[in-house]
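Novice: Features from TrEMBL:
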type: TRANSMEM; residues: B:35-55; note: transmembrane segment
type: DOMAIN; residues: B:200-407; note: domain 'ABC transmembrane type-1'
type: TRANSMEM; residues: B:204-225; note: transmembrane segment
type: TRANSMEM; residues: B:245-265; note: transmembrane segment
type: TRANSMEM; residues: B:272-291; note: transmembrane segment
type: TRANSMEM; residues: B:321-342; note: transmembrane segment
type: TRANSMEM; residues: B:389-410; note: transmembrane segment
């Protein structure tokens, strides 16, 4: 019996259980009410229905989930005990390949056998699969009946079915909210585990402070020393994400926020604010393509025209400029919030002393809002250094340690993509290095976020 | 007034030259500051406009294709087909590609192979299928031109192709038509034959998985945290985790998907299932945060009223709070999904950058998604891919715009001010 058929059958059983339990509860309660035992009725009939339906479905579903993991092993075992399996090669690897081929033919995903031995095993495979499939289905249905019958006997007017069902709902909600913790733990665990394996091959000090990055040479067997120095990547990331992008985003974002909140008429504000926010909604792959196709060649031509040597068509400036534009709405909305949080009395006081609007903004509002603005900028930096597609498409792969914005630099995220795509064996230092880089990126963005949120929170409290 | 001022100090003469100049200077600074603000806003908007116009300029051409009107004299052609029995099988056995080549050489000259797209015979097959009667007469059929001709006709091609285009134009057989195959075909190696359907279907499947996972989990989490959770260490950890996940760079989720879903759980590589699961983890915090805000805005009086007439806490939430908060939750969900739809980096990590020439049939088949397709095409050397990349970007942006528009519409229509 196939999987979907069993699931459909179970769903049908659940529906039957719901209807019959609800009907029974309704009848029993009518009888109880008629006999004057009003207080003996607890839950609405529908809850009895749900209670029985859940007892029908959940044990069977759990069993099926377990069975789906156990059954393949049982099938393999029964195939191995078949007389046709006696002639199998002894070593585990070729045995597994023969078995895998037999399985592929049995399920129909492969037409013919490459190995004559596997052809002989196809028939035992089919029988075993059918046997265990039917066994699983029968057991699941039995469980469903048993669970449903047990719950059905408990349907009585005063049975607290609602409490039970609600307890399950609450449990589900709690489990759902634990997924966030599990995800965080999964991220930390996987990054730490793979990084740990990487650091058993490469000295962490060499990784964090080494000046030379050439994982290709390590992959070609020249040894891991001197190949995984990540400082050029860290510099490239900071240069593009924290310097060039911020030089673009901070003035433009801050001034846009000031203009839109302090000067612009409501109509202008109503139209321009969503327009600027569209900048944040454009997918990063579009920015990357735009940077690579339009901005980068223009910048290179410009650099060549004014006589700068070493201008690359994959310049740090192109990636940084476009990334800065992407970050503008982010800085702008943070600045907007923190300026709005400055008490009106401070603004009024300044204006009453005869200061012009711009003097009030520059000498009163901005200094008062500075912690919030700084917090926003830190969040923006953490966003920029974790950004991937723009730098993958517009920044280069050459790990240069240079301050020339027209030259090519590479970043942490670019290298992660570079190391993990294409042909790879998973256990080499080259692929594991990506996880070490990911760990560094994770820690840095986490710290930036914690500091930023703390700064913003402290400052909000100061004015509340 | 003079009496009130300090001895030895004259009152400020606001009309004096110095003060006039000073005020003029301050007002000039004010105007400059305001102009700087306006400049910043306009510059940002100009950049957006520049980006969109560039994409439009490059991409609209990607939706069209150059066609050559090919005069096919069916009775004289080496085609062995009986007009009475046109079946798919008969058409497949008729060796149409070869026949098309022969016919084209007769109509367009010896270099016809370089003029027509390798898929030109498909147009002839479809024409025969649509009307078998044409087999007994001479018919003019529009067939797609080759990539070189297409490029030379639209913008700038090799000198050789330019000359061929000039010749075809003189013969009056060149025309431009809407490129339907761009919407119905999948990835390929020849830019005139590629289409976005495969990637679009992959995106659709991935988004379905993402929605199916992140929406229930996100809403359940938001309900738990907002309505039931007591203030204790576990709740604190959950909240910190969610805020933290919302700020983690997307590529880290890709690393998680690679090491947990692919290497640990051995789920299929490049599949929409794994892509959807990875994006669901990214989207979930967005839904939780939007959901909590929506739930928070439902006034406590509604809960009190329901509790007061005997509803249980679960009934209060599922019968009253959740339906009232749903528009807000949906708005947040659509915005989160729009972000997931444009996401590329984590999907590269789990192998969705493979060359996939057939649309995926299910969530476990190898698939690619629109943004990754854009990334792959942007890496192609052939010049014909520039317009295809931009055209795919236009499609992606149109979808994002539609989703965000829907979110805004929902918010305006169902928003309740309590």
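Glycine is treated like the rest: Cβ placed from N, Cα and C.
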Novice: List, by number or range, the same-chain residues at least 6 past the transmembrane segment (B:389-410) whose CB is under 8 A from its CB atoms?
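Specialist: 52, 54-63, 182, 196, 199-200, 327, 330-331, 334-335, 337-338, 341-342, 370-371, 373-374, 377-378, 380.
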Novice: Restricting to CB pairs under 8 Å, which listed stretch, B:35-55, B:204-225, B:245-265, B:321-342, is in contact most with the transmembrane segment (B:272-291)?
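Specialist: By Cβ pairs under 8 Å, B:204-225 leads among B:35-55, B:204-225, B:245-265, B:321-342.
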Novice: Are the transmembrane segment (B:321-342) and the transmembrane segment (B:204-225) close, by which I mean at least 3 Cβ pairs under 8 Å that are 6+ residues apart in sequence?
Specialist: yes
Novice: Same chain only, please: residues at least 6 beyond the ends of the transmembrane segment (B:35-55) with a C-beta under 8 Å from a C-beta of the stretch. Say none if there are none.
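Specialist: Same-chain contacts beyond the flanks: 390, 393-394, 397.
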Novice: Near the transmembrane segment (B:204-225), which same-chain residues lie under 8 Å Cβ to Cβ, leaving out any that are not at least 6 residues past its ends?
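Specialist: Long-range Cβ neighbours of the transmembrane segment (B:204-225): 235, 238-239, 242, 272-273, 275-277, 279-281, 283-288, 291-292, 294-295, 317, 321-322, 329, 333, 336-337, 340-341, 347, 360, 362-363, 367, 369.
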